[in-house]
Amino acid sequence: MAFNHKHILGIEQMSAEDITLILDTAESFKDVSLRSIKKVPTLRGKTVINVFFEASTRTRTSFEIAGKRLSADTVNISASTSAVVKGETLEDTAKNLEAMKPDIIVMRHSCSGAPHYLAERCDFSVINAGDGAHEHPSQALLDLLTIRQKKGHIEGLTVAIIGDITHSRVARSNVYALNKLGAEVRLCGPGTMLPPGIERLGAQVFDRIDDAVSGADVVMMLRIQQERQGKTMLPSLREYSMFYGLTPDRMKLAKPDAIVMHPGPMNRGVEISSAVADGPQNVILDQVENGVAVRMALLYLVSGGEKLEDSAQ
């Protein structure tokens, strides 16, 4: 099956077949990270610029490693080192980047729709590494890959996503992706962190974490994004932990073989206890590991890759 997308802007625009192709391609690339020499010549001669206007550790580093393992020339630009701090507009930034003739731009931005804006105005491929509270497609894809590896399938699973749904681009991308692949999605959080009309995304909404977690195959905890919310949304971290934190007792309500996920960074003792975060059901580091393979797959596919078997030799 051919991948017919020049850009990766969101999961909402993808089909189930697109998602499956990305996951299958990522599986094939996982072997590269296990080699003594972790590099293949797949994207030799290609230039990838990682433009991050928001702080990031996992996503930026993961994309950088992914590009280098594919032999691409990778360049990193952060907000603090860009001309944006001097007043340059996003449109002017786009024009200047295009003048340098990159092949792929990986962008994270605090404004929803910024990667779309770039894609509409430039010839290079754009990969959305997170835009505001809109979407974070590569995170959802690595989450799906982790679930598929641990459970063997996604269709028919019950996935509970707990936390700050309003500000979570991870939640939105996961809801889109899980629905397309046939999972049942549950959302839970304080009323102030559940956006109006969230049911329209195709998820059940719960007020109590105990109800949301009960019988779940996967429990995904979300970070409290204090940088995006007002003080009135969260009375105290202690109160949040009491009513919505994931503890060993609450995990007992899920299925015995349930897995625990978190996109990171974690606030230990707030959304998740250390006992759960370090426990046997946690697959958080598996998510991080799978992030490199998924991002290798995205860079490869938007570059027009067709026969992975040939490129990975």
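Count begins at 1; order follows the chain as displayed.
The backbone N, Cα and C atoms fix where each Cβ goes, and this holds for glycine too.
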Residue from ARG108, ARG186, ARG208 that Swiss-Prot also lists as binding carbamoyl phosphate with ARG58, THR59, HIS136, GLN139, GLY264, PRO265: ARG108
Fewest-neighbour residue among binding-site residues, criterion Cβ within 10 Å, set ARG58, ARG108, HIS136, ARG169, ARG223: ARG58
Greatest C-beta neighbour count within 10 angstroms, which of the binding-site residues GLY264, PRO265: GLY264
Shell of the carbamoyl phosphate site beyond ARG58, THR59, ARG108, HIS136, GLN139, GLY264, PRO265, same chain only (C-beta within 8 angstroms of their C-beta centre): SER56, THR57, ALA129, GLY130, VAL170, PRO263
Secondary-structure category, per DSSP, in which GLN139 (carbamoyl phosphate binding site) falls: helix
Max CA-CA distance, Å, over listed carbamoyl phosphate-binding residues ARG58, THR59, ARG108, HIS136, GLN139, GLY264, PRO265: 16
Between ARG223 (L-aspartate binding site) and PRO265 (carbamoyl phosphate binding site): CA-CA distance (Å): 7
